[in-house]
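Student: Could you have a look at this structure, given as C-alpha cells, before my questions?
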Amino acid sequence: MAPSADNAIINNNKYNASVKTNFNINCVSDHDFGTQRELLPPAKVAKEMIGAALQKHIGAVNPSECEPGDEDAFFVADIGEVYRQHMRWKNNLPRVTPHYAIKCNPDPVVLRLLATLGAGFDCASKAEIEQVLKIGVDPSRIIYAQPCKTKSYMRYTAKQNVKQMTFDNTDELYKVKELCPDAELYLRILTDDSASLCRLSQKFGASMETTQELLELAKELDLNIAGVAFHVGSGATDSSAFVQAVTDARDVFDRAIDLGFSPHTLDIGGGFVSETFEFTASVLNVALEQHIPSSIRIIAEPGRYYTSSAFTLACNVIARRTVEDKQTGEKSYMLYLNDGVYGNFSSIIFDHQHPVPQILSTRRKQNNYNYALADLSRSTDSLLDSGYTSATEDQHELASGGGKEIEYSIWGPTCDGIDCISESWKSGQTVDVGDWLYFEEMGAYTKCSATRFNGFTDKHETVYVSSEVGASAVLGF
Ligand SMILES: Cc1ncc(COP(=O)(O)O)c(C=O)c1O
C-alpha cells in the first residue's frame, strides 16, 4: 500500500518527524524535526526534510507486490522554499507587489500560503480566477492578465467584480466595452523577449506605434485605463529587456495622462528566475526609480520564481532494456519511468527544460537510500553527514570497475517515441526495474501541463514539507 492521506501520524525514527493529514494531503512539519533543525542552515534543513519525505513514501511501496498506481510518481513540495522566495522578493523588490501567476503551478497549498502572505494573483482563465476566489482572496487582488479573453469568462469576471485586466488590441477594447465597461484596464506593451526561454511577444503586446491609437479608442469608448503592463518572456536572461520595457511603459503613462486618464499602476509581468534574481532586481530598481514616480503602484506576475525549486519529483523505474554494442561488448541501458513528457515532464516540451535524474534508491540496496548523494556537485550542501545511507558500496564498485560509468537513456511510459526524458545520462550505479530516480526543480510548468495520454494519471500525489517555521505557522502545519 502507498502512503495515504488517511494516515494520521507516522513516525520517522531518525527525526521523530510526523506526517500529518492536512489539506487532505500529507505534510511533514519543521516543528516535528525537533531541535536539530535549528542547528542547520536552511538549505540543509530543506534537503533533509525532502529526503525524509521521499524515503518515507517509497519505503511504503513495494513495486513487486503493490496495487496498480501505488508506485506512481509523486512530488515532495517544500513549502518553506516558497516562503523563502517570498521573503527574498520583499527584500529585493520592496516596491513591487507580486501577483503569483497561477498558471505556473496552481498547487492549493502554494496558493494558500501566498494569499496569506499578502500576494496578489495573475489569472488567465475562469477556472484560475475561481480557484483563487474560492480561497477567500478579494477580487481586487486578482488581475485577469490575458489580453485576448473569452467572452463568457469576461461575463463571469464582471459578475465576480474582478476588475483588473490587460488588453493589447482594438477588438478587445470593444469586447471590454460590451462586457466589462467598469474594467480597470492595463495596456500590455510589446517587449524584446529575444533572450527569454519562452517567448511571448509574437503572440501578445501592443507595439509602441499602436499605443496612441489604443489609448484614443479607450477614451472614445469611455473606458478606464488604470495602467500599463508588460512581460519580457518567461525565463528572462537579459535584464536590459526590463529596463527598456520600463522606459516604454513610462512613455505610455505620459500619453495616457495627456489624454486625461489617471493611470495608477505599472505591472512588470513575470520572467524572473531564481539564479539571477538579485541582479535583475537591482537593475529593475534603478529603472523604476528613474522612470516611475513613487505615487505609482507597481505589481508583478512572477510564476516560476516562486515554485520551480520547491518541488522534487520521484519516479519509479518500470522497465529496463539492455542495449549491447556488438563490437565492443559494452552495455548501456534504456530506463522506462512511470512519468514522462506527456506527464510532469511536459516541461521538456513546453518549457524547454532539461531535468536531471538522480538516484533515490536502488532495489539491490533496498534498505539503503541515496537522496542527494548521487550527484553532490548539484547539491547545495552535502548530505554525507545527514544520516542517510551513503553510496560508498557503489563507489567501491565503481572504483574496482576502473571508475567506468554506465550510460542510460531515460524514457517515459507512453507508446510515443517523443516521450524521452534524457537521451544520455551516466551513473556509477546500476539502475534496474523497481528502483527510484528523483528530479529537483520540478515546480514550474510541470504538473499543470500534464496530460492523461495512454491512460496514465495526471493526478500525482504531493507530499508537503515545510523547512521554514514562518510557513508552518501560516499554514498550521
Ligand atoms: C501574462 C503572464 N504573466 C506571468 C507569467 C509567468 O511568467 P514566469 O513564470 O516566467 O514568471 C506568464 C507566463 O507565461 C504570462 O504569460
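Cβ from N, Cα, C; glycine included.
Per TrEMBL, the features are:
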{"type": "DOMAIN", "residues": "80-307", "note": "domain 'Orn/DAP/Arg decarboxylase 2 N-terminal'"}
{"type": "MOD_RES", "residues": "K103", "note": "N6-(pyridoxal phosphate)lysine"}
{"type": "ACT_SITE", "residues": "C415", "note": "active site, proton donor"}
Student: Please average pLDDT over the domain 'Orn/DAP/Arg decarboxylase 2 N-terminal' (80-307) for the predicted structure.
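Tutor: Taking every residue of the domain 'Orn/DAP/Arg decarboxylase 2 N-terminal' (80-307) together, the mean pLDDT is 97.
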Student: Report, in whole Å, the straight Cα-to-Cα distance of the residue listed as 'active site, proton donor' from K103 (N6-(pyridoxal phosphate)lysine).
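Tutor: Here the two Cα atoms lie 28 Å apart.
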Student: Would you mind listing, in sequence order, the residues at least six apart from C415 (active site, proton donor) in the same chain with a Cβ closer than 8 Å to its Cβ?
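Tutor: Long-range Cβ contacts: N454.
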Student: Can you tell me how many other Cβ atoms are located within 10 Å of the Cβ belonging to the residue listed as 'N6-(pyridoxal phosphate)lysine'?
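Tutor: Here the count is 21.
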Student: Using DSSP, would you call the residue listed as 'N6-(pyridoxal phosphate)lysine' helix, strand or coil?
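Tutor: It is helical.
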